[in-house]
Amino acid sequence: MAAHIALIAHDNKKDALVNFVQQHKSLFSRYDLIATGQTGELVRNKTGLAVDTVFSGPLGGDTQIATQIIDGTIAAVIFLIDPLYAQPHEPDIRTLLRLCEVYNVPLAINLATAKAVIKLLGKTKTGHLIFNPVAGQGNVERELDLIKEHLQSEINLKITFTSAEVNVTDQAKEIVKRIKQANEQSDGEGDSFIIASGGDGTVSGVAAALVNTGIPLGIIPRGTANAFSVALGIPTQIPGACQTINRGITKVVDTALCNDIPMLLLAGVGFEAEMVEKADRELKNNLGVMAYIFAGIQQAREQELFEAHIEIDSETTTMEASAITIANAAPPTSVFAQGAGQVSFTDGLLDITVASSQTALQGLQVVTNLFTSALSKNPSDNENVLHLYGESIKVTTSPPQKIVVDGEIIGTTPVEVKCLPKSLNIFAPVENS
């Protein structure tokens, strides 16, 4: 639904409107507020809420609000009228009344009807969309319009854009803070949640702020690989992803910490980290998901064995490896995580796959075998593949190896990963709930 509440009041009713907004501040904070000149200033000064002001009533502010009703951006109008002592210069309600009737917008004209309107709005869920405008290769404006088209009829949608200057996790944490404050002051009927729209980096960054909060995460994938969405069975097309959110069915899944960095998918040591580094932004923009295949072929020619000390739940093993993958969740295309044939994201355990191919030919055989395991959902039977489980794992290597976590290079070994069971609430398709 539309995200704005319009506030108008005759002179003798301005104080009553300001006090009403103050009394229901937690609900009004979930919406964008727009008000005629002096009314908006009074509400802003008394409540501390952000209010966009249009012209005053005598200068046509009510007409500006009427235009927004026609545009479909107004969720409700609260216009406290003075039926006995209205002044000639004050706004006339008749135009707004006609438009609200035509466009089916709730209109309150006194405190009693205002209470009824906010009770209705209080039952509407608010989705805070964190939208990455540089993700993927599609038409960004069209994608955003498509999201609005599928979500705004069901929820109050508030949009935040990511930027290179601000950490996406910090953006999400600020929204989490506002949601918690609003929930503490409300009856909880209109719960809020956060939606991440972008690639795996955006999704991981937003999810990091939601771990162990209970606030649901919706995902609208628009990246190159969209690995987390694929792993959880979330549709990778915008209409399907929005439908999953609108259905409101949630699932609690595991997450992990990798060197104290939140992790949704997996940590790769050796081959996978080098491959991801080679598949840079320019290559992904040009080739899409094929960038990873191209980079993988290139890395297969260069990858060398390294010595690895692997400690799983306090038990240590030393071996030679070319790739070590520690997975919380992984799609079939993350072949180096497929030692068991599939990765569970609800069992409270990490899946560890170690590959130890010594030649490019052996490496190709390992990749083929692991991909077959993923398709058949059966464990690998290749002699150069070892699969293990554990709640926590620590890896040290000689020489040090690069580490990739959820598609981002974070440094070099040693690396320590701990599973956080049932720590993230996500909107999931019916079959995965």
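Cβ from N, Cα, C; glycine included.
Remember, predicted model here, so these are calculated numbers, not experimental data.
If you look up Swiss-Prot, you'll see ASP62 marked as active site. If you look up Swiss-Prot, you'll see 1-145 marked as domain 'MGS-like'. The domain 'DAGKc' feature in Swiss-Prot is assigned to 127-262. Annotated region 'Methylglyoxal synthase' per Swiss-Prot: 1-126, in sequence order.
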Problem set entry | Neighbour tally for ASP62 (active site), based on other Cβ positions within 10 Å of its Cβ | 24
Exercise. Mean pLDDT over the domain 'DAGKc' (127-262): what is the value?
Worked result: 91
Problem set entry | Helix, strand and coil totals (DSSP H, G, I; E, B; other) for the domain 'DAGKc' (127-262) | 56 helix, 36 strand, 44 coil
